[in-house]
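**Student:** This is the structure, below, for whatever I ask next.
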Amino acid sequence: MNRQGLLFAGLSALVAALFLASLLTGPAGIGPGESLAALFRGGDDLLALVMRELRLPRAILGLMVGAALGMAGAVLQGFLRNPLAEPGLIGTSASAALGAVLAIQTGLSAAFPLGLPLAALAGAALSVLLVLMLAGPRGGTLALILAGIAISALAGAATSLVLNLSPNPFAINEIVFWMMGSLADRSMLHVWIAAPFMLLGFALLWPMRPALEALTLGEDAAASSGVHLGRLRLMLVAGIAALIGGATAVAGTVGFVGLVVPHVLRRAVGASPARLVPAAALGGAATVLAADIAVRWLAPGRDLKLGVLTALVGAPFFLHLILKTRREGL
Amino acid sequence: MVRRLGLVAGLLAGLILPGFFQPAAAEPPRRVLSMNLCTDQLAMMLAAPGQLVSVSYLAQDPTASAMADQAARLPVNHGLAEEIFLMRPDLVLAGAWSTPETIRLLKRLEIPVEMFPIETDIAGIRANIRRMGEVLGREAQAQAMLARFDADLARLADAPPGPRPRAALYMANGYSSGRDSLAGQIVDLAGFDNIADELGLPAGGTLALESLLLADPDLLIEGRRYDGHARAQEMLDHPALKALSRGRPAEVISDPDWICGTPFILRAVAGLRDARLALRDAP
């Protein structure tokens, strides 16, 4: 097995192990054997209910949301040829959250369950289009980050406004969830409403890999080797919106995963954007699963938000990247 | 503008004429204003006709107040120092949660303020009733109310000794509370053990949904729903919780009777007691 094969085997094993650990982590403190037996056992006893209706959806969502964030980060960075591009930083997640909050507060999601991810997708798509427009096709670093900050701030403020105006006294607490993300007390329903969108996103972004590879030689070279840039951009917008819309609708905004994971894995895949896409998906899944296990260990019963952990690790990393980018004179 | 001038004038008057608004020692207050939902209700029960001049706006809200009809006949205040001052009270009743800045300002304006602590048990409720009688100069009425309260309580708290059924309080955000809270006391008086006590949350805290499920309570007492959507309330609709409550009795907290330490808590106790008797009679 070559080095790449080893990498993918190792990442897959890590994801599988963390998925299992996520299933076995919870406040109830039940033995691992008993828990897993309850998961596969039929019947309606309470332990089986806990495993099937609480822990399993949580682990599945951790896997899916992480893979979506990692993959979205890798594709955005490849397409824009900018190591600072990430759905959280360029405002995609915040806009998706705004779409989801609007769907919930207007009652759209209650009338029609797919309304929630659809609205999140619409928010995400709008923000990606806006960023591409503002930052230009080449995605200059400064313009990209500034556009992202502006869109994030606007979407965040609008989300807070909508929740502030809700007649429900508890709605205001939700601002934290939409800005920091959490997988606590999700159910299989959330898996079912998010999964189709994420699968669509994977399906749209996966075939972009050869084009991302060609783009490393520059747009002209890519175009002369048969890459249709307009179509590529359309697929990017739709694919990122589907991934981030689906993920944010059920888990809120989890930042920095799409930034850190592709960067950590870039050297291991030999700096190939094509190979980075699946590697970042696996790495993202491992990161979110690990973060979700950590929040349950660190503060049991307090619903510590996922985004708190990812930002604590990711933000210093972001600063490091900025310094590095400056040194390289980009 | 006129109101602002009034406040300024009042501030000056307070500085220049200390003791101006102070009632004579033995004289009961004539213009009492309450700025807390719970003191509102105790005062409405005990005050002499015309003695209470204003209650908080929450007292008129039927989703929070057990005496909304009675409060509808009184002018309301929103706990703001300026509006309270302009109502010229000679006594202000406040709760432990009233804004400290407002209280400080009222005291500087030489308006006497009586603070009532939060009741978390029967002794606290009895103490507040007696104290309300004293500050309003209505001791006899307070005594009569206490006697009635004790008699009603004795009639309701008739759970037989021995093992008791187990109840779980479960509110928005997965909040639960045990014996050190008023809600926990209501559960206890109705003859239930509380799983929040078993799980180490006597004063209240977040109870993970999976801990609730595995605790397997005999009765689920859910928090009330508010209008509009909140994620905090979504968990009350979680399929796992629905599965737990299937074929198992559930009660819904009715806020007006559960929020304040007044004799109305006995209505909540009576409701839960009925649930306990139904559990006993069920096969």
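Note: Cβ is positioned from N, Cα and C throughout, glycine not excepted.
Bear in mind that TrEMBL entries carry predicted annotations, made automatically and left uncurated.
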**Student:** From the ranges A:27-47, A:279-299, grab the one TrEMBL calls transmembrane segment.
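**Tutor:** Checked against TrEMBL: transmembrane segment maps to A:279-299.
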**Student:** What parts of the chain pack near the transmembrane segment (A:88-108), using Cβ distances under 8 Å and only residues at least 6 beyond its ends?
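**Tutor:** Answer is 72, 76, 115-124, 126-128, 130-131, 144-145, 147-152, 154-156, 158-159, 162-163, 166, 171, 174, 178-179, 240-241, 244-245, 247-249, 252-259, 318.
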**Student:** The transmembrane segment (A:56-76) and the transmembrane segment (A:187-206): do they have three or more Cβ pairs under 8 Å, with pairs 6 or more apart in sequence?
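**Tutor:** Taking Cβ pairs at least 6 residues apart, the transmembrane segment (A:56-76) and the transmembrane segment (A:187-206) are in contact, with 3 or more under 8 Å.
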**Student:** Within the same chain, where does the transmembrane segment (A:234-259) have neighbours whose Cβ lies under 8 angstroms from its own Cβ atoms, ignoring anything closer than 6 residues to its ends? I mean 6 or more beyond.
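**Tutor:** Counting only partners 6 or more residues beyond its ends, the transmembrane segment (A:234-259) has Cβ contacts under 8 Å with 61, 64-66, 68-76, 79, 84, 86-89, 92-94, 96-97, 99-100, 116-125, 128-129, 132, 177-183, 186, 190-191, 193-198, 200-205, 207-208, 280, 284, 287-288, 291, 305-307, 310-311, 313-315, 317-318, 321.
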